[in-house]
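If you look up TrEMBL, you'll see 26-48, 60-81, 111-132, 138-168, 180-198, 233-251 marked as transmembrane segment.
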Amino acid sequence: MNLPFKKYLMFSIAKIKEENQFKIDFILSFFSIFISSIIFLLLFKNIFFNSKTVNFKYITGYYITVNIIFYSVSSAMYIAYNLMENINSGSIIPLLIQPVNYIFRIYMEAFGLFFIRLIINIIFIAAVKIFLLNSFSLSSILIGLFASILGFSILFFIQAIIGCFTVWFTDITRFRDCMYSVLLILGGKFFPVEYLYGSLKHTVKYTPIPYVFDTPARCFLEKISFSELQAQGLWFIILFSILFLLFNLKVKHNIEMGS
């Protein structure tokens, strides 16, 4: 293992150890997933059990899986605010002169928390597939894990790009909240993207919106096409490129020039 990557890996480990200082909250979060899963099961059983148009088992499995992914990627939800605070306060300056890439550092810190949560939560997803959907496929778990990593990265990139707007606007919290609301409403958190109406469903698929929650969930449930994974990978590349250029050519340059 080369030294630079080992250095970034240590940032991930340090963040995980810091999270362990709040073990009660950490454990309770998994308990909340279990409770919410029971609620989804009972709720949808009463609503859709005899439905001829909605698959009760699939829709229940979908909401449980999306809820698990939502919790797992939560460490990327605060990147815009943290970046805004670091830029406005000037605390980003000593971090920029360190021999590490700032963006990759905060990515690895958030990724460490995401990955440990998801690995543990895969147990819940496997249980859903076995006991609710009567199926289990290791390949779908691995593809779902890969899609979840891409989904986490896309969310991180979106948040970081919004945070970079601090060089133009001192406070980006309202814009961040607005964008995040759109992501939740149209991205599969409240209902599957496939249930969106008409042209809206097709329009959303040309944006990064469905690739954070909806695509990873359907990968775990074996309801995904290869073209959607390709689109998710393409948005990963596009957003990474935008963030790289925006941060280095505008944010970092402005800070170094003292403006």
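Quick reminder: no glycine exception, Cβ is built from N, Cα and C everywhere.
Any TrEMBL annotation is an automated prediction that lacks curation.
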Cβ-Cβ under 8 Å with the transmembrane segment (60-81): same-chain residues at least 6 beyond its ends: 29, 33, 36-37, 40-41, 44-45, 106, 109-111, 113-114, 117-118, 121, 124-125, 128-129, 132-133, 148, 151-152, 155-156, 159-160, 162-163, 172-173, 176, 180, 188-189, 192, 212-214, 216-218, 220-221
Stretch contact, the transmembrane segment (233-251) with the transmembrane segment (138-168), Cβ-Cβ under 8 Å, 3+ pairs: yes
